[in-house]
Amino acid sequence: MTLNSVPLAELAPAKINLALHVTGRRADGYHLLETLVVFAEFGDRITVAASSEDCFFVDGPFAGDVPRDAGNLVLRARDALRAAYPAHAAQPVSISLEKHLPVASGIGGGSSDAAATLRALSRLWRLPADAAALARLALPLGADLPMCLAGHPLLARGIGEKLDPVRHFPALPMVLVNPGIAVETPKVFRALASRDNAPLAPLDSADTVLDWLATSRNDLEQAAMSIEPSIAEVLAALRSSGAAFARMSGSGATCFGIFDSAAAATRAAAAISNAHPGWFSTATVTRT
Ligand code: ATP
């Protein structure tokens, strides 16, 4: 078996929960969700290459916030592939992670890195793994991994494993803003007032995406704000910079603003960066 000899790079895009309803809780404690998820053209970058020994490099603006040992989801993804395909995946590899996404911030950085690693290594090792096989292997690494493997607009249900693609969803000019504070997801779920909310309305029940968004919520937003009040400041900054719509993603603290144009998003991201030098702020567009 020969490896691909050139390095292979994959974007690990930011995952954005445009709406997230907590609809219940399973007996094992996992929360049941309904969420409309999109992915940004902005994210981390995973590069894999054949090597004489296994190695792992991390750089980029948030490199200091992620583990470099076997606890990193990138290495857990590599090891899960090795365990599932021992005959094909024995050869050593070098993996580089360029970390551009703030960590523990509600935009799925770790899950997206792991999904990009699965995609890149299955190409490098030429694994006989189709998308369904990768998704099965991914779920034990994290409930958000199957959606990050898909990488396109989708509705996720259950604990995040039941996925329905959303076709013809528009590209949304967007600004992502994080106040520079990590928020632990389990803490937000513990602060959640109600775990039994109405499901999402059907997407075709409104004329425009913005009209539909107005019918929906992020049920974790209040809970996250009670832990980290600066989330309210982030939302206010997005709205006063011209966002047509602003909401928190996932369990926070990153919030997204939707803008009328890419130029308006770029201007708003720059204005927010100038006004709040300690915040992370970037303009992007969602993938279709
Ligand atoms: P989600 O939106 O899925 O809740 P998140 O954006 O809130 O995710 P992550 O950035 O994925 O959170 O980080 C969650 C935890 O995973 C952190 O405590 C971090 O130390 C750990 N982790 C392990 N590997 C990575 C990685 N490659 N990137 C980011 N975090 C990682």
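Backbone N, Cα and C define each Cβ position, glycine as well.
For Lys15 (among others), the entry in TrEMBL reads active site. The DSSP secondary structure for Lys15 (active site) is strand. Taking a C-beta cut-off of under 8 Å and a sequence gap of six or more, Lys15 (active site) has these contacts in its own chain: Val37, Val38, Phe39, Ile107, Gly108, Ser111, Ser112, Asp144, Met147, Cys148, Ser249, Gly250.
What TrEMBL records for Asp144 (among others) is active site.
Here TrEMBL flags Pro102, Val103, Ala104, Ser105, Gly106, Ile107, Gly108, Gly109, Gly110, Ser111, Ser112 as ATP binding site. In this view, Gly106 (ATP binding site) is surrounded by 30 other Cβ atoms within 10 Å of its Cβ, with every protein chain counted.
Summarised by DSSP class, the composition of the domain 'GHMP kinase N-terminal' (72-151) is 45 helix, 6 strand, 29 coil. The domain 'GHMP kinase N-terminal' feature in TrEMBL is assigned to 72-151.
Per-residue confidence over the domain 'GHMP kinase C-terminal' (211-275) averages 97 (mean pLDDT, predicted model). Feature annotation from TrEMBL assigns domain 'GHMP kinase C-terminal' to 211-275.
With respect to ligand 1, the binding-site residues Pro102, Gly106, Ser112 contribute Gly106 as residues with a C-beta closer than 6 angstroms to one of its atoms, given in sequence order. Within 8 Å of the Cβ centroid of the ATP site, not counting the listed residues Pro102, Val103, Ala104, Ser105, Gly106, Ile107, Gly108, Gly109, Gly110, Ser111, Ser112, the chain contributes Ala14, Lys15, Leu101, Gly250, Thr254. The highest number of surrounding Cβ atoms within 10 Å, among the binding-site residues Pro102, Gly108, Gly110, is found at Gly108. For Ala104 (ATP binding site), the same-chain residues 6+ apart in sequence whose C-beta sits under 8 angstroms from its C-beta are Asp65, Ala182, Val183, Glu184, Thr185.
Between the listed recorded positions, namely Ser112, Asp144, the fewest other CB atoms within 10 angstroms of a CB are found at Asp144.
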